[in-house]
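S.K.: Sharing the feature lines straight out of TrEMBL:
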- 41-290: domain 'G-protein coupled receptors family 1 profile' (DOMAIN)
- 26-49: transmembrane segment (TRANSMEM)
- 61-82: transmembrane segment (TRANSMEM)
- 102-120: transmembrane segment (TRANSMEM)
- 140-168: transmembrane segment (TRANSMEM)
- 197-225: transmembrane segment (TRANSMEM)
- 237-260: transmembrane segment (TRANSMEM)
- 275-292: transmembrane segment (TRANSMEM)
Amino acid sequence: MEPRNQTSASPFILLGLSEKLEQETLLFSLFLCMYLAAVVGNLLIILAISGDSYLHTPMYFFLANLSLVDFCLATNTIPKMLVSLQTGSKAISYPCCLTQMYFFHFFGIVDSIIIAVMAYDRFVAICHPLHYATIMSPRLCGLLVGVPWAFSCFISLTHILLMARLVFCGSHEVPHYFCDLTPILRLSCTDTSVNRIFILIVAGMVIATPFVCILASYARILAAVMKVPSAGGRKKAFSTCSSHLSVVALFYGTTIGVYLCPSSVRTAVKEKASAVMYTAVTPMLNPFIYSLRNRDLKGALRKLVNRKITSSS
């Protein structure tokens, strides 16, 4: 007898970060604060860049898109977890699970590619400063942002279509706090080899390839900076890249561990810890990383806050 597909009748049970009831209040408070910081920080970045004509440059255009993606990535996963912690209801229907999975991968892929695009922008600015305005034209900037969104839509939809053909006839308990591909695949009682092969292909395209491009860009940047005669000039060049390098380390350090490491060294605890980093910690920290070390952005944020205070008084 073939296994009966129970996905339409039985929802998945998201076990969350911890099964200990006494830790749920602490987790709720912690993730609520992280989510609010991510939302406020990223929205302020977007508003400051859009409201200050001085920041209408390719670098800040890409940063505004990164902030939008970080906001959406955090919103796709954390509110559901907060509701589960508050109400104790850990069930998520099959359609809702697929929807959350789709948007998680959609925004995650866009995030990865935009971070690589920002490295290319820094490469052009430092290695070809006289041709920067010509190379980074509005048309190219639009393509560098628009293509990742379209590409991500196609890849994420393919993931969902491959997932929708699977049968889940055993346990529906997911040892995670949101619907991710790998934990859900482990629950299927049908062949998932096609799904796993596609995951590796996509990981190579949207994680490994952008990461290699980032390394190549910074290798060229380092070579160019070392040729600058003055120490002050070298310091200024490196300072424009330090914030982006911090974001690269945060994002790729966790995603590579989840999607490119062998399954034999991955555990549910490690997967959840890594997921917290790129769904909560990174979206929360990115606005601070970019604003604290960027004089122009800090000035735009002060103007934005002053305008709001003036208009409300």
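Our numbering is plain: 1 for the first residue shown, then up by one each step along the chain.
From the backbone N, Cα and C atoms, a Cβ is placed for every residue, glycine too.
Set these features in their place in the structure for me.
M.R.: Note on the transmembrane segment (26-49): residues 16-18, 55-56, 60-61, 63-64, 67-68, 70-71, 74-75, 78-79, 81-82, 85-86, 280-281, 283-284, 286-288, 290-291, 297, 300-301, 303-304 of its chain, located 6 or more positions outside it, place their CB under 8 angstroms from a CB of the stretch.
Counting same-chain residues at least six beyond the ends of the transmembrane segment (61-82), those with a Cβ under 8 angstroms from any Cβ of the stretch are 14, 16-17, 28, 31-32, 34-35, 38-39, 41-43, 45-46, 49-50, 92, 100, 103-104, 107-108, 110-111, 114-115, 117-118, 121, 141, 144-145, 177-178, 247, 275, 278-280, 282-284, 286-287, 290.
Beyond the ends of the transmembrane segment (140-168), by six or more residues, the same chain brings 3-7, 10, 58, 61-62, 65, 98, 101-103, 105-107, 109-110, 113-114, 117, 120, 181, 184-185, 187-190, 192, 194-195, 198-199, 202, 205-206 to within a C-beta distance below 8 angstroms of the stretch.
With a threshold of 8 Å between CB atoms, the same-chain residues lying at least 6 positions outside the transmembrane segment (275-292) that come near it are 17, 31, 34-35, 37-38, 41-42, 44-45, 63, 66-67, 70-71, 73-74, 76-78, 104, 108, 111, 176-178, 180, 243, 246-247, 250-251, 253-255, 258, 298, 301.
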S.K.: Let me spell it out: take the transmembrane segment (102-120), skip the flanking residues so only those 6+ beyond its ends count, and list any with a Cβ under 8 Å from a Cβ in it.
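M.R.: The answer is 59, 62-63, 65-66, 69-70, 72-73, 76-77, 144-145, 148-149, 151-153, 155-157, 159-160, 178-181, 202, 206-207, 210-211, 213-214, 217-218, 244, 247-248, 251-252, 255, 278-279.
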